[in-house]
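Asks: Submitted below is the structure of interest, expressed as C-alpha cells.
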Amino acid sequence: MRSAQVYRWQIPMDAGVVLRDRRLKTRDGLYVCLREGEREGWGEISPLPGFSQETWEEAQSVLLAWVNNWLAGDCELLQMPSIAFGVSCALAELADTLPQAANYRAAPLCNGDPDDLILKLADMPGEKVAKVKVGLYEAVRDGMVVNLLLEAIPDLHLRLDANRAWTPLKGQQFAKYVNPDYRHRIAFLEEPCKTRDDSRAFARETGIAIAWDESLREPDFAFVAEEGVRAVVIKPTLTGSLEKVREQVQAAHALRLTAVISSSIESSLGLTQLARIAAWLTPDTIPGLDTLDLMQAQQVRRWPGSTLPVVEVDALERLL
C-alpha cells in the first residue's frame, strides 16, 4: 500500500546572503515523503533562485502531479533537475539503496579572516581545506586575501569560486597578488572567467588549476581531459537524478578529475542526504556542504553538531 505527503517550507536566511546580485531573504522549497508498507523515503526539492531553470512554484505543480501518478502505480522519469533529484532520493531511501554512511566533513566557507579560519580548521581531521568566494569585490583585494590566508596557514589548501565573475584582465589582477610559491595550494578555482576559453587561458597563464561548475549544465559540455582543469563541482539539485549525478562522478573519475559534491543551499534534510551521497560516490573527497549556517533553522533532520533550532515535520505546511 502506497501513501505520500508533500510539504512546503520557507526558512529565513541570514542578512548577508547574495546570489547573482539578488539578496536571498528566505530559502523556499518542498519535501516529498513516500511510504510503501513499512518503508519510507524523503526527498528535498528546492530550486536555487538565479541558478535553477525552474521556480519552486513550477516545481510544486509538477511534483504534486508526479506523486499522484506514483500513488496510482506509475513512476515516470522527471526532467526538472530539482524534482528529479529530490524524487530520486526519496525513491532510493524507500528502496534502501542510498547508503546511510555520511561524510559530514565540510570545507568551511571563509570570509577572509585568517584568525577565524584557523579556529574553524583547528578541529578538522586530516587535510585542511577551506573555500573562499572570489569575484564579489575587486580582484586585487581577492588576490591579497587569498595570499594572506595561504601565508598564514602553511598546510592550508583553498578552493576558490569566482562564478564566472572575471574578465581576463581581472583574472590577471587577481593572480598578480598571489605568490607563485603558494599557487599550488589553490586546489582549484571554479569558473574564473565568463567563458570557458578565457578560463582555460587563465589556468595556462597563471598555473592555477581550475574546476568546472556551471559548465557541466550547458548542452555543449563534454567530459574531456584538459590541461589546467583539475576538478568538477557537482550540485545535485541543479544536476538531476541520483543516476545522473553518479554518471557525472564516474565520468570525472575516469579522467582522474576530482569530483566534489556541493550544496545548492539546501535545508538540513537535503544536506544530510548530500553528505551520504558524497560518502558513497566521492569517499576520498571533502564535499562542499558548509552552507547550513547561512540559515536560521534546521528542518526534520539534524546536521550533526549544529546548534541551530530544528523545525519538526508537524510545523510544516502540508500540501498533500
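Cβ coordinates are placed from backbone N, Cα and C, and glycine is handled just like the others.
Pulled from Swiss-Prot, these are the listed features:
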type	residues	note
ACT_SITE	Lys133	active site, proton donor
BINDING	Asp161, Glu190, Asp213	Mg(2+) binding site
ACT_SITE	Lys235	active site, proton acceptor
Asks: To the nearest whole angstrom, what is the C-alpha distance linking Glu190 (Mg(2+) binding site) and Lys133 (active site, proton donor)?
Replies: 10
Asks: Using a 10 Å cut-off between Cα atoms, which of these recorded positions sit near Lys133 (active site, proton donor): Asp161, Asp213, Lys235?
Replies: Asp161
Asks: Might you list, by sequence position, any residue in that chain lying six or more from Asp161 (Mg(2+) binding site) with a Cβ less than 8 Å away from its Cβ?
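Replies: Non-local contacts for Asp161 (Mg(2+) binding site): Lys131, Val132, Lys133, Val134, Gly135, Leu189, Glu190, Glu191, Asp213, Val233.
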Asks: Indicate whether Lys235 (active site, proton acceptor) is helix, strand or coil by DSSP.
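Replies: In three-state terms, Lys235 (active site, proton acceptor) counts as coil.
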Asks: Of Glu190, Asp213, the binding-site residues given in the record, which has the fewest other CB atoms within 10 A of its CB?
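Replies: Fewest other Cβ atoms within 10 Å, among the binding-site residues Glu190, Asp213, is found for Asp213.
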Asks: Around the Mg(2+) site formed by Asp161, Glu190, Asp213, list the extra residues of the same chain whose Cβ is within 8 Å of the site's Cβ centroid.
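Replies: Surrounding the site, in chain order, are Arg159, Leu160, Ala162, Asn163, Leu189, Glu191, Ala211, Glu214, Val233.
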Asks: Taking the active-site residues one at a time (Lys133, Lys235), which has its Cβ surrounded by the most other Cβ atoms within 10 Å?
Replies: Lys235
Asks: Which three-state DSSP class does Lys133 (active site, proton donor) fall into?
Replies: strand
